[in-house]
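TrEMBL lists Leu17, Glu22 with the feature substrate binding site. The feature ATP binding site is assigned by TrEMBL to Arg107, Leu108, Gly109, Arg110, Gly111, Lys112, Gly113, Tyr114, Tyr115.
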Amino acid sequence: VIAHPKYQESKRIAIFLSMPDEVQTEEIIKDIFKQGKECFIPRYKPQSNHMDMLKLSSAEDISSLALTSWNILQPGDDDTAREEALAGGGLDLIFMPGLGFDKKGNRLGRGKGYYDTYLERCMKHPCGKPYTIALAFREQICESVPVTENDVPIDEILYEDC
């Protein structure tokens with residue numbers, strides 16, 4: 001991941017804080033800060049499909065985040081001091097999670113449409129849609145995954161031996 005040309009050229013990067021069954025992102029987050037890039041993480045709004053990408057100040061900042069009922073660390077609703085990526089300079093790159101992927105760039109998420117809705121908002125930002133890379137295990141690559149007209153295809157899927 002850290003040798004990827006899109007990662008190397010990106011300055012503003014959004015990345016998920018991994019759950020136990022996802023590709024672990026902790027070392028990537030540490031590298032984002034080591035290279036002097038800006039790091040943004042998701043904050044999901046329950047009972048909706050709204051998500052914001054909020055700025056982390058450091059890799060250690062993760063330990064100050066609240067644990068949601070979904071067992072995901074994220075900034076609390078009362079955390080208003082963090083920059084939201086689209087309120088500023090947008091994003092260059094988004095690393096995306098998922099349950100399944102196909103080689104046409106389709107992604108099966110967890111069913112709420114958070115990332116698809118966020119990407120729609122990105123397309124309206126002056127900086128435009130960021131490049132999207134899904135982080136996957138080889139076992140998650142399928143012949144095809146179900147999609148709807150609201151699903152936004154991802155640009156690239158990275159997995160072992162891809």
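Every residue, even glycine, has its Cβ placed from backbone N, Cα and C.
Unlike curated records, TrEMBL annotations are generated automatically.
Annotated features, which come from TrEMBL, shown on the structure.
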residue : record                 : Cβ contacts under 8 Å, 6 or more apart
Leu17   : substrate binding site : Thr25, Ile29, Ile41, Pro42, Ile62, Leu65, Ile72, Leu73, Gln74
Glu22   : substrate binding site : Phe16, Pro97, Leu135
Arg107  : ATP binding site       : Met96, Gly98, Gly100, Phe101, Tyr115, Ala134, Val145, Asp151, Pro153, Ile154
Gly109  : ATP binding site       : Pro97, Gly98, Leu99, Tyr115, Asp116
Gly111  : ATP binding site       : none
Gly113  : ATP binding site       : Asn49, Asn150
Protein Cβ atoms within 10 Å of Tyr115 (ATP binding site), excluding its own:
25
Any further residue of that chain within 8 Å (Cβ to the Cβ centroid of Arg107, Leu108, Gly109, Arg110, Gly111, Lys112, Gly113, Tyr114, Tyr115) of the recorded ATP site:
Gly98, Asp116
